[in-house]
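Now, the feature entries from TrEMBL:
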{"type": "ACT_SITE", "residues": "H115", "note": "active site, proton acceptor"}
{"type": "BINDING", "residues": "C123, C126, C148, C153", "note": "Zn(2+) binding site"}
{"type": "DOMAIN", "residues": "8-248", "note": "domain 'Deacetylase sirtuin-type'"}
Amino acid sequence: MSEVFDPPHILQGKIQELAMIIHKSKHLVVFTGAGISTACGIPDFRGPKGIWTLQREGKRLPDASLPFHRAMPSLTHMALVELERSGILKFVISQNVDSLHLRSGIPREKLAELHGNSFKEFCPSCGIEYVRDFEVETVGMKETARRCSDLKCRAKLKDSVLDWEDALQEKDMIPAEEQCKVADVILCLGTSLQITPACNLPLRCIRGGGRVVIVNLQQTPKDKKASLVINGRVDMVMAGVMQYLNMKIPPYVHIDLIQLSLAQKPRKNKYVKWALRIGSVHGQKVILPYVESVEVSFPERPDLKVAHLDKQPFCLKRETTRARPFKMLLKLNFGEGCGCPWSTIEWSVNFQLSTTSFRHDKDAVISKLRDMAERDSCCGQYVVLERASLPRSEVNTVAVSTNFVRHDGLVNLNAPGLVSSSKGGNLLERCTEDASFQGMPSKRLKEF
């Protein structure tokens, strides 16, 4: 389908109108499609360069600009996170399987992924969900190569992505329907609203007096029933909305979990053999998607050679004296797509002392890392999340920030005809000062 763009002065007025709708909403629900992820390097389906458009024209499908697991949430994803944190956004319904809403920070209990998630497995027996840092190898809710971690269950896991003939799952469909019924505003972002039955969900709010707003670059079958239709780039629209609401779009901080294990095998003499392993928390056969190599150095022990590990799983075996403690520096060299070239983890080793096991709250650790990255305006920080001490081994789970993306200034809001930042203050203050919203007819505001 061909793309449609509102003229700049029309777009500005519509962005202002949407900002007012969101500000006055009591129960905002957002319904998202592939169009919000194109800025992340993930192609859509019906756009001029979309997958289905090219297939219909007999053209070669383009390669994704980056692997699926390296895609980072867009400005729109992060704007939704801020709206949710502020209590304005109550629920997100997504047709995407790219996991970017979860990755951005939308709580699982406030998200319905109607078509599944390429990075998520679930246990059909006990219902536990597992979010991975790699794409699950199957689709169609087939069994994968892993089992439930609950020792009382241990059932084979299944992928969560629906195939064409699969019905929408009740665990996502039921809350989505309930949220649409109580919503007073449903904001549709980057979706053509053509895939049934999902495309009919936004209309549920109209029966209860709610309103539907559509932001998309193509016309949709539901445009005539919408209170407002904006034909523009989703990131541009949401950047303008957030500016009018005087709300900051938070940076995206990507956090990876890495498992560091150290096993020892005492010798009869004064020496001890030990093996260091750096791998994924998801299993020994799973690679770390962001780590290309590891350099292990011993700053206080010049007699120990520096080790360069470039093959996963990263393993190092050495023999040292038991009575002499040492410090290891693990330099994790990150690959393309990360916001920093490396991160260094310090580990003190003393085979004569036993270590204490502990487990920190995962959400608290991740929140702390995000705060640290935002404070430093960079990534590379780490926090030990968990330690399991066994008689002859120690396993540490480390949370590492591997990317930091700011969205401030990524969209030029001061272009001619677009949002002007000449007036300070929030949306309501500017309404009071200038009822016309800088050229917008005042009668439009009385509709709300």
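Placement of Cβ uses the backbone N, Cα and C atoms for every residue, glycine included.
Shown on the structure are the features that TrEMBL records.
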| residue | record | Cβ within 10 Å |
| --- | --- | --- |
| H115 | active site, proton acceptor | 19 |
| C123 | Zn(2+) binding site | 20 |
| C126 | Zn(2+) binding site | 12 |
| C148 | Zn(2+) binding site | 20 |
| C153 | Zn(2+) binding site | 13 |
Mean of the pLDDT scores, which run from 0 to 100, over the domain 'Deacetylase sirtuin-type' (8-248): 90
Env. residues of Zn(2+) site, Cβ within 8 Å of mean position of C123, C126, C148, C153 Cβ: P124, S125, G127, I128, R147, S149, D150, R154, A155, L157
Cα-to-Cα gap, the residue listed as 'active site, proton acceptor' vs C123 (Zn(2+) binding site), nearest whole Å: 17
